[in-house]
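Have a look at this one before I ask anything.
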Amino acid sequence: MAALHTTPDSPAAQLERAEDGSECDPDQEEEEEEEEKGEEVQEVEEEEEEIVVEEEEEGVAEVVQDAQVEAVAEVEVEADVEEEDVKEVLAEEECPALGTQERLSRGGDAKSPVLQEKGLQASRAPATPRDEDLEEEEEEEEDEDEDDLLTAGCQELVTFEDVAVYFSLEEWERLEADQRGLYQEVMQENYGILVSLGYPIPKPDLIFRLEQGEEPWVPDSPRPEEGDIVTGVYTGAWFWTDDIEDHEEEDDEDFLAEVAEEENEPPGLWSAAYGVGDVPGTWGPDDSDSAQTPEGWGPDPGGLGVLADGSEAKPFLPGREPGANLLSPWAFPAAVAPPAGRPETTCDVCGKVFPHRSRLAKHQRYHAAVKPFGCEECGKGFVYRSHLAIHQRTHTGEKPFPCPDCGKRFVYKSHLVTHRRIHTGERPYRCAFCGAGFGRRSYLVTHQRTHTGERPYPCSHCGRSFSQSSALARHQAVHTADRPHCCPDCGQAFRLRADFQRHRRGGGCAEAGGDGPRREPGETAAAAGPEDTDPGPEGSEVGEADGEAEAAAEEREEAAVAAPTPSGKVDPAPERRFLELGNGLGEGEGPSSHPLGFHFPVHPKSWLHPDSFPILGLPDFRERLPVDGRPLPAPLGGPLSLVEGTGLACDPFGGGGAAGGGGGLRAFGPAIGGLLAEPAPAALAEEESPWICSDCGKTFGRRAALAKHQRYHAGERPHRCADCGKSFVYGSHLARHRRTHTGERPFPCPECGARFARGSHLAAHVRGHTGEKPFVCGVCGAGFSRRAHLTAHGRAHTGERPYACGECGRRFGQSAALTRHQWAHAEEKPHRCPDCGKGFGHSSDFKRHRRTHTGEKPFRCADCGRGFAQRSNLAKHRRGHTGERPFPCPECGKRFSQRSVLVTHQRTHTGERPYACANCGRRFSQSSHLLTHMKTHRGATAAPGSGSAPAPAPKPEAAAKGPSSAGPGERGSALLEFAGGTSFGSEHQAAFAGPSGAYREGVL
């Protein structure tokens, strides 16, 4: 202790005398002289310290002062207040005999963390000569300050970010070389001090850059608000900043709407709904303080640094081991248990831990619903000043982030980063299930719902659930009928801002100088038709993205199937005159429990008029069918419906006639099943789609979509498979094709574990477990689990057979039937029966044939127990029990249980006799009558005792193909197929017209 007594009245000497209880020197004059000397020494020290500080500040550029002044202010206040509290407690415990004046004097010499930092810088300056007593006293006080720092460190968790300062590129370039060196040395020394003190902190990104010799500037470092420091949390694999601009949002309006919704929602709503923080970009209820992780969270499966909450993540830097520190206890400082003795830094509502009380106070504003920062323009309140600054850009129109490639400007930095991926082609977000790449994290999240079946956005009116918030917003407009976006020139109103913008820029407004339809003054805005076209996932700012929306949209279309609506009714709202197949639930039901309840995307060709569908009832319907793209006559009998897969199109608003200006229907193929017609021009004008294909007239909402579509006309297929050389128009089609080579099946069945290469195949397979048949025939009521099956079934009513054999000309209603038939022409028949030697080209035909030898009848009737060798025969037999007669005659109304019987019956009305005898020319309406008649010729031609066998009867197929198979004016009948595979009749189809409103796609 004696070695510390450099001066008679040093603090250590005073403490020793106070503990020993010794009396002061009786000589008052000497004591006063000593005090005066101490005061003089203290003044000299203060002056020297001020000189050192001034010299240091003069050596730093003005921009450095601007970047640090606000940060220093808050740290000094917080550190001074906290250190004063700690020092008072220590002084009371260790030095109870000291007076108030002495403790204040001692506390006043303590240095704040910022001053300590500056002291580190000042230590390099040449020291002013001083006497040995003053130097020893200063060393003693520095030792005491270090002890105080260690004591404070035990009370508070200090991070590198508390003392770190960041520079933007512009600020860094303005620094001189010696200033940059000084900054680098100070930052490295600060980090070394914290590590030497035993703080469990990882190596920050800034220090890692300095060690690698890289420049430590931060891209577009924002100006910190008053009282705040630009800080972040290093998670071991990424440096996660809490700048709200880094949140990836769809567009400006959506982002501000989400911020507003978040501020009005009760705490914990985000966490309960999505497993993330209350504010986008956090794991906890607040985005400004820390990053908490949910239980079991780990690195991204694809290793690409994708956080589940949407915050920007920097990729792994070269030379650093990926994921080495990801799950370390110090990787999430906010999740570490609060230090003992600091209950004031722990939120008593949610339990979050904060390094400073000021941050805790800010965080508690969320729980208290305090919004001290109000917008002067609209009066909206915000919890943080940075939120207000971002909101004010909506009033000022400021877009401070320009694209260096195309010059387009953005309000948010994250939007610029996302937009630049259009130019670079970068797709950093990969699906862990199928490997699909996306330019936005939100697209990846939406895409992954096709694998998980998640529909987190339920409608509060009808209970229907959606996988995207934008789809829910469009759906809710049906309930509210709200059209807030009104054109100032023509008065036409729109539900969506994107539709309104397309209307303004696409020339659809006649009053504004466009060539669009001009509405009458008395016409209401609601008559404009639906504006439910999907603006696309890009939103208004990245509408021309080359491949991002393509992959997401095509994946949704691939897995586009949802839980059925048992009511089978069309949406009664007159505004929604389009067909939505499998969009979840009907009216009044709860959220869908279907494991693959995907939302079917609304397509412009999915119009369905809620009234009748009389086109098939027209007597001359067959004559009006177009050939090679010729337009159909307009007045076909009223409003029609476009049924996807049948190629029938109509005016969706009942104006398809000549008076309605519909312009008629247009078809693009020789047969119904191959047609894909477009809505009438009136409907196109009301959809407000500005991009029109000059070759086929098809319209698109985005220029990029039109450019991709035109590849079909140009024959361009830029995406080629490296294995087989097959080319594709879209990259997503190539990726899907690649699965045939790799054997990848990324879609597993949750019931049986079977895996599929396409989501649509999985969805159809799942319906086999659930028994769903959402596609219902409007003629006979038959249900089907796949749309293709319904389309093929519809041809049984229309008599359409679009698939023709190139060898014999025989036509089929299904491509699979044509494929099986073509095996008959091929020499190769790999499946040969061991009993009779008959060969088959298809395994299914071989299996059916084998049942004739084995007598196997695996399909049994549940009512009578009768067995059948084929499922179709069982279905026909079941109609005998149920009394079902799904095939009505359009002439007399008589109904039949089998289509073949109906075809035979129709010949009684038409007088058709397609089966002719080759010997006498007599004609018959049924093949059985011809076979009976042939027996008379066989008995007459066989002379008794001649020994010659009777002449074999000509094959019905040959007779049917002959020129005499149909008389003049007769069109022939539909092919009559028997169970044995024999077909009778001509290749010409009978004129068959279904009843009024007979055939359309419906949904259970």
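Even glycines carry a Cβ here, placed using N, Cα and C.
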What residue among K203, K829, K857 has an entry for SUMO2 cross-link in Swiss-Prot?
K829
For the feature region 'Disordered' as recorded in Swiss-Prot, pick the matching range from 362-402, 608-648, 895-935, 936-976.
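So the range that Swiss-Prot calls region 'Disordered' is 936-976.
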Look through T7, T128 and state which residue has the annotation phosphothreonine in Swiss-Prot.
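Swiss-Prot records phosphothreonine at T7.
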When you get a sec, could you say which of 100-122, 215-237, 583-605, 859-881 is annotated zinc finger by Swiss-Prot?
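Residues 859-881 are the ones Swiss-Prot records as zinc finger.
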Check each of the ranges 149-171, 172-194, 655-677, 747-769 against Swiss-Prot and return the one annotated as zinc finger.
747-769
Of 319-341, 457-479, which range does Swiss-Prot call zinc finger?
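It is 457-479 that Swiss-Prot describes as zinc finger.
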So, do the zinc finger (429-451) and the zinc finger (887-909) meet, by the test of 3 or more Cβ pairs under 8 Å (sequence gap 6 or more)?
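These two stretches do not touch.
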For the zinc finger (457-479), would you mind checking the mean pLDDT of the predicted model?
82
Give me the DSSP three-state residue breakdown of the zinc finger (887-909), ordered helix, strand, coil.
11 helix, 4 strand, 8 coil
What are the sequence-distant neighbours of K829 (SUMO2 cross-link), meaning same chain, six or more residues apart, C-beta distance under 8 angstroms?
W823, G839, F840, G841
At a C-beta cut-off of under 8 Å, are there same-chain residues at least 6 beyond the zinc finger (831-853) that contact it? List them, or none.
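The answer is 819-820, 822-824, 869-870, 981.
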